[in-house]
Each structure stands twice: as C-alpha cells, then as structure tokens.
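Let me begin by presenting the structure, written as structure tokens, before commenting on it.
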Amino acid sequence: MGCCSVTQRNTGTDEVGPDEIELLEINNAGLWSLSESRLQISTRNGTDEGPHRCPSVRHLKQEEPDPVSVRNQTKHNHSQLVVWGWTKKELHHRLYTHPIREWEGQAPHTYGDIIHSSSVYLHSGYTKAMSERYLVLFSFHLLILALDSANREFIYEGILPLSAIEVHLISQLDPSSPHMFEISGPMVDSKIFICTSAAEKNAWMENIEERRYKSLRQQLSPSHSALSYLVPCDENWKKEELKRYLLRSPILQWEGTPIQHMGYPKYLSLVHISNIYTQGSQERLLVLFPFDLLILSLDCHHVRVKYEGRLPLKSIKAMERSALPGRLEFELTGELMEPLLVSCIYPEDYQSWIFQLQQPDKVADSLSHHTPPPLMPKKRRS
C-alpha cells in the first residue's frame with residue numbers, strides 16, 4: 001500500500017483489513033471514510049479558518065454575521081497564547097503530529113477536525129480540589145487531557161462519544177462565582193469543569209450541544225460504520241479492534257457500572273443464544289471481562305450496540321452440550337437464571353469459551369474441607 005494514496009478495493013466489508021481500519025476517519029459530515037493520506041489531516045487543520053459547522057437552531061434565529069468579522073475573530077482566537085506560550089493553532093497541530101502520553105486507541109487525527117478547545121479546571125466534588133485540563137472537541141467526541149507543564153506534554157485521560165453524554169449548566173446566584181458546567185452520562189462518571197469566563201463556558205455549552213445533536217441525529221449506513229467492518233469478528237485483529245471500539249463507543253440502554261470500570265475485555269465473539277425450553281435463537285455478542293460476562297446485541301446493519309445484560313462469572317458455569325461434529329454448543333447455567341444454550345460459529349470460539357467459563361465440579365467442596373497433610377515416614381537409623 002502506498003503512502004500517498006489509498007483506493008477502496010471493494011464496496012463490501014470482506015476486503016477491509018487492519019491497515020484500512022487505521023485509515024478510517026470521521027469527516028465533517030459525521031461519516032467514516034478512507035483518507036488519502038494522514039498528512040492531509042495536519043495540513044487541513046493548519047489553515048487559519050476553523051471547520052465549517054452547520055448552525056444550531058439558536059444560530060438560525062440570529063442575524064447572519066459578517067463573514068469578514070467571523071474570519072478575523074477566528075484568526076484572533078488561533079493567534080492567542082493558550083498554554084506553555086503556544087497558540088491554539090500550534091496546539092492543534094501538535095495534537096495531530098506529536099505522541100500523547102498514555103494514549104489509547106486510534107490516532108487523534110482519525111477523529112476529524114477540532115471544533116473547539118481550551119484550558120479548563122476539573123473540579124473534584126469530594127476534595128474540592130481543582131486541577132488543570134485541556135479539553136478538545138472533535139466532531140463526535142470529547143477528548144480530556146491532563147497537562148505535564150514541566151515537560152510540556154499532554155497526558156491522555158479519556159475520550160467520550162458525544163452521543164453518550166449530557167452537558168448541564170451549573171447555575172450560580174453570585175455573578176463572581178466560577179463559570180461551571182457538568183458532563184454526565186450512563187457510561188461515564190460525572191465531571192465538573194470550571195472555565196475562565198462566562199463566554200468560554202457558553203462556547204463549550206453551545207458547541208457540545210450542537211455536535212451532540214448532530215451525533216444523535218446522524219444515521220450511519222453499514223458502509224460508513226467502523227463497527228460493520230469489525231463484525232463478524234472472525235480474525236484476531238478484528239477482535240482486538242472491537243474490544244477497543246466497545247470501550248470508547250456508546251452502548252444503548254446501558255445499565256450499572258460504566259464499561260470502562262469493568263476492566264479490559266479478555267475475549268469476545270458473536271454467538272447465537274436461546275432458551276433451552278423454547279424455540280428460536282438470537283444473535284448476541286458475548287464479551288468476557290475479568291469478573292463479568294457481558295451480553296450485547298447488534299442491529300441488523302451492525303451499526304448500533306445495545307446492552308442486554310451481564311452475568312457475574314462466579315455464579316455461572318459452561319457445560320458442553322454436544323460433542324457431535326458441527327454442533328459447537330454449550331449450556332450456560334447459574335444461580336437465579338434459566339439455562340441458556342449458546343451456539344458458536346467457529347470451533348476456536350467454542351474452545352475458548354469452554355476453557356474460559358468451565359468450572360470444575362466440587363471446587364468449592366474441595367476448598368472447604370481442610371485435609372491434613374500426609375505424615376512423613378520416620379527415618380531409620382542405619
């Protein structure tokens with residue numbers, strides 16, 4: 001594959017490999033597309049003008065601003081010193097071209113254009129302490145970075161999909177009080193950020209709401225969804241990419257502990273699950289975590305993930321259902337649940353699930369009975 005151009009070899013998903021997945025990026029329309037070169041990203045973001053965004057409902061009600069004044073204001077914002085004596089334009093270029101400490105997942109440029117960014121303070125509700133952060137708003141994600149001022153480095157703290165969060169204004173009766181807003185969601189811990197001015201707070205509120213609205217309304221087709229390239233996860237590289245995808249993407253109707261607090265997935269695969277007492281099966285994505293088995297479902301186009309439930313590993317057990325050739329089935333049993341029949345697609349998935357989930361019988365009994373150690377025979381004198 002050349003470094004200067006990439007052509008799509010097939011319109012389907014079978015011909016897409018790990019190299020193509022790395023080149024998938026989100027464009028301004030919110031669709032995944034194959035970029036021609038990574039260098040185009042930094043070049044495009046090196047221009048003076050910011051990305052063109054569709055106006056929100058609030059903006060449509062206002063009189064259209066003068067294009068010359070908007071351009072001048074954009075240049076002024078990009079030329080202002082932000083942190084470490086660098087301008088916002090220089091920081092944006094650095095985010096795309098320099099490594100970020102402890103970074104996880106796909107490269108920053110694959111998230112598309114930077115819509116807004118600024119230095120804020122993270123407020124702890126428990127200790128009341130404040131620590132500086134740098135927020136970066138992409139088209140459909142919010143990046144949170146810590147700052148190492150001594151080494152002038154950014155430290156990765158997380159990236160949140162806008163469709164999985166909500167932003168709330170924290171109103172203050174005293175005008176001199178800090179300008180704060182809160183980010184929360186079913187899959188993330190609540191975070192309170194303090195801005196340096198009311199104008200900066202309003203800018204964050206408006207930009208996040210505008211991009212969040214686009215994210216929620218955007219209907220992705222299978223050919224543009226990164227998830228559709230990874231499912232079925234019939235290769236190891238697809239499984240690894242899918243693990244990272246689930247940790248940073250919204251999951252519909254999520255309940256309980258955020259997925260990021262469940263640890264890193266140990267194994268996953270597509271299976272068919274049915275109740276052993278009823279007819280019919282349903283496609284499910286099983287994800288094995290250190291202490292839980294997560295059950296997810298996908299829509300028919302493989303572009304949306306939905307939460308179906310989780311089972312504690314200590315309360316379930318897998319039993320081989322049949323050893324007949326071509327029947328890769330095992331029975332999932334446990335306390336306070338009806339037995340489930342799980343059918344795997346590939347033999348390696350079946351073997352992995354049996355190895356991971358099978359618990360030898362009477363393990364608890366053998367641990368509860370304390371048998372004394374055997375007596376050592378006495379040595380005889382010669």
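Placement of Cβ uses the backbone N, Cα and C atoms for every residue, glycine included.
Marked as domain 'PH' by TrEMBL: 113-213.
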Averaged pLDDT score, the domain 'PH' (113-213): 87
DSSP residue counts for the domain 'PH' (113-213), split into helix, strand and coil: 19 helix, 56 strand, 26 coil
